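A.B. asks: One structure coming up, written as structure tokens, with questions to follow.
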Amino acid sequence: MSKRRMSVGQQTWALLCKNCLKKWRMKRQTLLEWLFSFLLVLFLYLFFSNLHQVHDTPQMSSMDLGRVDSFNDTNYVIAFAPESKTTQEIMNKVASAPFLKGRTIMGWPDEKSMDELDLNYSIDAVRVIFTDTFSYHLKFSWGHRIPMMKEHRDHSAHCQAVNEKMKCEGSEFWEKGFVAFQAAINAAIIEIATNHSVMEQLMSVTGVHMKILPFVAQGGVATDFFIFFCIISFSTFIYYVSVNVTQERQYITSLMTMMGLRESAFWLSWGLMYAGFILIMATLMALIVKSAQIVVLTGFVMVFTLFLLYGLSLITLAFLMSVLIKKPFLTGLVVFLLIVFWGILGFPALYTRLPAFLEWTLCLLSPFAFTVGMAQLIHLDYDVNSNAHLDSSQNPYLIIATLFMLVFDTLLYLVLTLYFDKILPAEYGHRCSPLFFLKSCFWFQHGRANHVVLENETDSDPTPNDCFEPVSPEFCGKEAIRIKNLKKEYAGKCERVEALKGVVFDIYEGQITALLGHSGAGKTTLLNILSGLSVPTSGSVTVYNHTLSRMADIENISKFTGFCPQSNVQFGFLTVKENLRLFAKIKGILPHEVEKEVQRVVQELEMENIQDILAQNLSGGQNRKLTFGIAILGDPQVLLLDEPTAGLDPLSRHRIWNLLKEGKSDRVILFSTQFIDEADILADRKVFISNGKLKCAGSSLFLKKKWGIGYHLSLHLNERCDPESITSLVKQHISDAKLTAQSEEKLVYILPLERTNKFPELYRDLDRCSNQGIEDYGVSITTLNEVFLKLEGKSTIDESDIGIWGQLQTDGAKDIGSLVELEQVLSSFHETRKTISGVALWRQQVCAIAKVRFLKLKKERKSLWTILLLFGISFIPQLLEHLFYESYQKSYPWELSPNTYFLSPGQQPQDPLTHLLVINKTGSTIDNFLHSLRRQNIAIEVDAFGTRNGTDDPSYNGAIIVSGDEKDHRFSIACNTKRLNCFPVLLDVISNGLLGIFNSSEHIQTDRSTFFEEHMDYEYGYRSNTFFWIPMAASFTPYIAMSSIGDYKKKAHSQLRISGLYPSAYWFGQALVDVSLYFLILLLMQIMDYIFSPEEIIFIIQNLLIQILCSIGYVSSLVFLTYVISFIFRNGRKNSGIWSFFFLIVVIFSIVATDLNEYGFLGLFFGTMLIPPFTLIGSLFIFSEISPDSMDYLGASESEIVYLALLIPYLHFLIFLFILRCLEMNCRKKLMRKDPVFRISPRSNAIFPNPEEPEGEEEDIQMERMRTVNAMAVRDFDETPVIIASCLRKEYAGKKKNCFSKRKKKIATRNVSFCVKKGEVIGLLGHNGAGKSTTIKMITGDTKPTAGQVILKGSGGGEPLGFLGYCPQENALWPNLTVRQHLEVYAAVKGLRKGDAMIAITRLVDALKLQDQLKAPVKTLSEGIKRKLCFVLSILGNPSVVLLDEPSTGMDPEGQQQMWQVIRATFRNTERGALLTTHYMAEAEAVCDRVAIMVSGRLRCIGSIQHLKSKFGKDYLLEMKLKNLAQMEPLHAEILRLFPQAAQQERFSSLMVYKLPVEDVRPLSQAFFKLEIVKQSFDLEEYSLSQSTLEQVFLELSKEQELGDLEEDFDPSVKWKLLLQEEP
């Protein structure tokens, strides 16, 4: 075992390199990540550098605005309401004001009736609305006579230079009459209330703007938008880091942690890389901020620091969300929404001062803190003297506080990430209690004893009984893993599920132990517990005296443990060598030993030829080998392997077996498997688990003897043989022998184990019966498969050539009934009515595909959420405009209260409130006036001696300068230019002061208000709305109409084609749903547009029917355009987001281009014609811009132009439909039927001459080739084989070695000929790259043969074939559809009428016992049920040709047996035939009538199982178990004497295993005679002599595979998928 040292630094560097390689190799994702970020930067620079306005205002002296009555405008009328005696009296006195002489003043009964003013008067109307005698509000038309803003924002320009003069917004109140009207009305109210006239006093009030200090102001709304874009500037990076981290945590991080990965290394690796990205982006954003002068006075370093800290806080926020949310897309979406909403939450800080406590609390949300920081920088520009730069002279305490909060947020999010990562429940790993950090064991590592003694440790073995073989004495004291009363429970839907129920046993050093059991037995659960991935509910486990319940011990265990989980553990974007190097560093292998260790693993697993290939390009078997290689890195002392050879071809499987056998000394190896032969060959001890409990344990010989059914005698016959006489002969020697299988070519008997003494005489008589038709015979011992099934209480069939039907005669009636029922189901298909075809079938298929699309759409939450989000975004501008419209259309009052600007008495100083400065320049006291001011609840500061002028100190919001004499005061108002409503507020203060002097307790209150004029032109408004929502509508289609890419990836489209689907039916079925959904969305958008728009806008579109018809055509054309894109890029990624963005950009640029084009209407028309996404908005623009000039351009009338524009989208639809038809026709996939819409016919079976002549072929191959030639010549259709493959050859273009070399052709198959007869199943075997997959593809029509011909029953004569039955290796199923929905869809596609389909589905479901799964979605099914479903789909509709590719891969032995029974029942004595490919030799032996083995693209041999064993089998296997160990050496000498060429394979304890050449064994009678003598002489407990297995024959032939032909392994189209078992 290699020395290990876990180092956070080494692990962080390794993971950081991995992340960088991921970014480099996943160029599309990285490009998008950076592209969107740079586009944002570019947009901000180009847009805001021109749009953004910065007002740098120098210091200005005070400005005199003159007297109130200096207002002399005459272009207005005055209206007041309600008209009453009091209001009429007030307004009569108002008319006496000097500036109102001769003006019209009208009374109205109420405010609503004033709307008639807009109809009767074209001039401006001033509305006075009285609420009572002393309260009123002045209403002006919006944008007239008063500022549009209610109040100044803290960063906007309150004064600016206009025509070389300084103009302040607050002066509008003075200059445009508001203050004059206010003064007149106030004077009238005072006179009526007190009988004292103050008209002259108020008319003589003068206004002065205080001195203006220098300030820098931003350009209003543009600044707000810029800050919003700054808030989301890092969102692209943060989205991708959220997705990447969540994906890794979900799929692989737990396994890496089990290998020794430190959590801090994982977070650091991602944090450091994205911190670099943030650094670059922060630099760019700071440069943009400074260059666009968003921030003027603050230095670059401060701005950069703000952005950098904000970006870092977002990274840790993404980390936190990845822990709390388990789904990658949802994590990214939530983080983005949090950034947006928390950032927007900070916008009030731009306009007002927030309470300190609230601001500090909300700053715990980093986007809020960033927004506050940006607001502070802008306020500094607004408030600080322009000559005093922040970096040099100011201490930016507020900015530093904000930066501190961003640092605090970063640390807080990181701590919360680590905390929740430890306590939140996860699928794997140990979870801590919420208060784990309060325990001392968390902070201090306690020492431990070298040996932990368990209570009753010596009793940890299961209770001894006859089901458990006693452990050999030599292993006593070598207990490495001790398991005691282990239980594991999971939370089920209704109740707790027990996965393990008190498991007790030991695992020994120096032994290979196999865990066997059905799916769900608890094997994976046990291995996960032993590896530390899972925590047991109760019980204890020790591994070399380390207790798994202690975290410290788990870390120690990980140092000497290697784990190969059921799922592959590697990164697809890394090469084989890079994966090994990464995991070596994670495991803590010393840096100088990493390369040596990686090279060792590569060599031991013979991966030199794939070490530089990306893992994602490897086949499933090669990925499995890589996962095993990762497990053995560091030469671990304990190996835990969960199905380590699943998906491997036999040759690779044997390499791993040999590696494990060679390294088992001084090591502990525990593995689980569904491949029973693997356990039989490899494991020294087998442990059977059933439903979470141990059932038995022992060696193969022990288990076979106790639960085996005996020897299998297989006789290969010719036509002269009389089966009855042979059976009589066998029973003559062994009376209790049973005939278990009988066919024309084969008889199989079971001979009891205890009758081995009768074997010599039986075999001697069989040798003498060669003239009775026995060509050959063989014998094999019972298999562990049979033991397994017997333990499970199931019926068995033989894997070793027994055949199924004779065995069924010996099994219970239940299984016979089931299979008879299945045969009846399959035969009943012939009785059903003929399947439909032509247009009727096309309609049925369209409805079936539409059903699939609708059901998929219901479950595609990601797409639906995205569509909903886009729908919402598209109406944000309209919603804002609607709110704006509603806000200003309705009257809003704005109270002009002194509390807005001035402190109350006793109130603490609070920005922006100040004292009201009162300056007495009367030369006498003004106590009465001051007393009256104080009664208004205003804190005043009095300059009693008049030493100040009131205009040079802008630290006050306002000042009142009192002059005149003691009784007749004159007033001057000085206002701070930052306080917009200061003049009317102070005028009310003066008015109430005068009112108080006359001892009145009343209070005058003036409000400002506006009304909206309803005679605006909305044509531009309509186009601006349309400009936004229709481009957004175009971006919907990629999220709606690209689901076909998923069908191509899942191979569902290919499966549908093979099942007889018309290409046009597929696309029209998709369109039936997609077009409807898209049109519904478009219709909703139009309805929303009408709802949000003013009434005038609606009437611009005069013919709604035309718009709807145009929309239907537009929707159809855009959906089919997306179909064309999907078809072209069907082998790539979906990339809906990219295409959505592309459509959006195309439409926006088209709008801009048509608006700017110099050809006017003609350019708009041709733009609509040539740019499909622009068609709808172009048509609407055409309808709205039809004029005599445009009619002259086109030489058409208005109606003709409308109809022409209306036809454009339909023309596009037809064009894209035709393009789609051409693409389908040229895709080189063979159709099963003629398409009635696309008019595409199945290709004729063209014959291509083979350039190679067969040379040096075996006699069997030559005979098969002759059968093929004869079959092609037979004219009787009933005698034609169901599959004829004649001289098939397939060449692929190889890769160039360099730019100047020619492509070397890669030959996948060479002159392959065979035929499959009716009722026959032929097995096609071969090493990876031998050509099996290519042969299958040529038969299905996926690949066109270079030479040769394929003829399928139905395609050469008689009726058309219609469809094939195909059970692919990869489950081509839709995860969210149920079993019943799959069956109904495929029945419809294959042409079954609804009634026939229901009958067939019911019978098949009943026969295969799928009733309980009918309503279950496929994604919830076990692998075995999925394989059953794929098989049922392949035979549904009674196809004459069925192709089965690894039909039982991934199933447990029980499921495999059931599947094999079903396959045999399906094809026995029928008109159907099947071609089966498999890596599992037991499967071929169980179901195949004949087997063909391919080597290097050629058929190497073909024939029955027994024929191949006899012809190519070279060895017999002899196993012997001794009672007396002292006899071991003499026995060994005796075996070598009797069998001189015997080779000893295993020798430990009492078991001895030898390999005997065929020539030493033949005749069998002599061999058994010798062994019987040995049994008596040496007192053997038992022995067995068994013939070579098919697997051994295959391995011998596979050694001929040439290295150069292995290149097909690396072709992504040739992959073996690892099918996982689902266990609790």
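Backbone N, Cα and C define each Cβ position, glycine as well.
Keep in mind the model is a prediction, meaning the values are calculated, not measured.
This is the feature table in Swiss-Prot:
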type     : residues                                                               : note
BINDING  : GLY517, HIS518, SER519, GLY520, ALA521, GLY522, LYS523, THR524         : ATP 1 binding site
BINDING  : GLY1326, HIS1327, ASN1328, GLY1329, ALA1330, GLY1331, LYS1332, SER1333 : ATP 2 binding site
CARBOHYD : ASN120                                                                 : N-linked glycosylation site
CARBOHYD : ASN195                                                                 : N-linked glycosylation site
CARBOHYD : ASN949                                                                 : N-linked glycosylation site
TRANSMEM : 31-51                                                                  : transmembrane segment
TRANSMEM : 221-243                                                                : transmembrane segment
TRANSMEM : 269-289                                                                : transmembrane segment
TRANSMEM : 300-320                                                                : transmembrane segment
TRANSMEM : 329-349                                                                : transmembrane segment
TRANSMEM : 354-374                                                                : transmembrane segment
TRANSMEM : 864-884                                                                : transmembrane segment
TRANSMEM : 1026-1046                                                              : transmembrane segment
TRANSMEM : 1108-1128                                                              : transmembrane segment
TRANSMEM : 1136-1156                                                              : transmembrane segment
TRANSMEM : 1163-1183                                                              : transmembrane segment
TRANSMEM : 1200-1220                                                              : transmembrane segment
A.B. asks: Give me the CA-CA distance between LYS1332 (ATP 2 binding site) and SER519 (ATP 1 binding site), in Å, as a whole number.
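C.D. replies: Cα-Cα distance, LYS1332 (ATP 2 binding site) to SER519 (ATP 1 binding site): 29 Å.
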A.B. asks: Rank aside, I only need the closest one: which of the recorded positions ASN195, GLY1329, GLY1331 has its C-alpha nearest to that of THR524 (ATP 1 binding site)?
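C.D. replies: The answer is GLY1329.
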A.B. asks: So which of the binding-site residues is most packed in, judged by how many other Cβ atoms lie within 10 Å of its Cβ, out of GLY517, GLY520, GLY1329?
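C.D. replies: The residue with the most neighbouring Cβ atoms within 10 Å is GLY517.
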A.B. asks: Check for me, if you would, whether the transmembrane segment (1108-1128) reaches the transmembrane segment (1200-1220) - at least 3 Cβ pairs under 8 Å, residues 6 or more apart in sequence.
C.D. replies: yes
A.B. asks: Cα of ASN949 (N-linked glycosylation site) to Cα of ASN195 (N-linked glycosylation site): how many Å, rounded?
C.D. replies: 33
A.B. asks: Considering only the recorded positions ASN195, SER519, GLY522, LYS523, which residue has the minimal Cα-Cα separation from ALA1330 (ATP 2 binding site)?
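C.D. replies: That would be SER519, the closest of ASN195, SER519, GLY522, LYS523 to ALA1330 (ATP 2 binding site).
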A.B. asks: Restricting to the same chain and to residues at least six past its boundaries, which positions have a Cβ under 8 Å from a Cβ of the transmembrane segment (329-349)?
C.D. replies: 224, 227-228, 231-232, 234-235, 238-240, 242-243, 246, 314, 317-318, 321-322, 359, 362, 365-372, 375-376, 862, 865
A.B. asks: How about long-range neighbours of the transmembrane segment (269-289): same chain, 6 or more residues beyond its ends, C-beta under 8 Å?
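C.D. replies: Cβ under 8 Å, 6 or more out: 11-12, 15-16, 18-20, 23, 37, 41, 44-45, 48, 230, 233-234, 237, 241, 244-245, 295, 300, 303-304, 307-308, 310-312, 314-316, 319.
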A.B. asks: How many other Cβ atoms are found within 10 Å of the Cβ atom of HIS1327 (ATP 2 binding site), counting all protein chains shown?
C.D. replies: 26
A.B. asks: Within the same chain, where does the transmembrane segment (354-374) have neighbours whose Cβ lies under 8 angstroms from its own Cβ atoms, ignoring anything closer than 6 residues to its ends? I mean 6 or more beyond.
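C.D. replies: 227, 230-231, 295, 306, 310, 313-314, 317, 338-340, 342-348, 399, 402-403, 405-406, 408-410, 412-413.
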A.B. asks: Against the transmembrane segment (221-243), which of these stretches has the most C-beta pairs under 8 Å: 300-320, 1026-1046, 1136-1156, 1200-1220?
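C.D. replies: Answer, by Cβ pair count: 300-320.
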A.B. asks: Counting Cβ atoms within 10 Å of each candidate's own Cβ, which of the recorded positions ASN195, SER1333 comes out highest?
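C.D. replies: Buried the deepest by this measure is SER1333.
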A.B. asks: Could you state the whole-number distance in Å separating the C-alpha atoms of HIS1327 (ATP 2 binding site) and SER519 (ATP 1 binding site)?
C.D. replies: 27
A.B. asks: Please indicate, using numbers and ranges, the residues of the same chain that are 6 or more beyond the transmembrane segment (1136-1156) and have a C-beta under 8 Å from a C-beta there.
C.D. replies: 32, 863, 866, 870, 1027, 1030-1032, 1034-1039, 1042, 1122, 1125, 1163-1164, 1167, 1171, 1173-1174, 1177-1178, 1181
A.B. asks: Round to a whole number and give the Cα-to-Cα distance in Å for the pair SER519 (ATP 1 binding site) and ASN1328 (ATP 2 binding site).
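C.D. replies: Here the two Cα atoms are 27 Å apart.
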A.B. asks: THR524, ASN949: which of these recorded positions has the highest Cβ count within 10 Å of its own Cβ?
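C.D. replies: Counting every other Cβ within 10 Å of each candidate, the maximum falls on THR524.
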A.B. asks: If you compare CA-to-CA distances from GLY522 (ATP 1 binding site) to each of the recorded positions ASN195, ASN1328, GLY1331, SER1333, which comes out shortest?
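C.D. replies: Result: the closest of the recorded positions to GLY522 (ATP 1 binding site) is ASN1328.
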A.B. asks: To the nearest Å, how far is the Cα of HIS518 (ATP 1 binding site) from the Cα of SER1333 (ATP 2 binding site)?
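C.D. replies: Between the alpha carbons of HIS518 (ATP 1 binding site) and SER1333 (ATP 2 binding site) there are 29 Å.
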A.B. asks: Count the other Cβ atoms sitting within 10 Å of the Cβ of GLY1331 (ATP 2 binding site), across every protein chain shown.
C.D. replies: 27
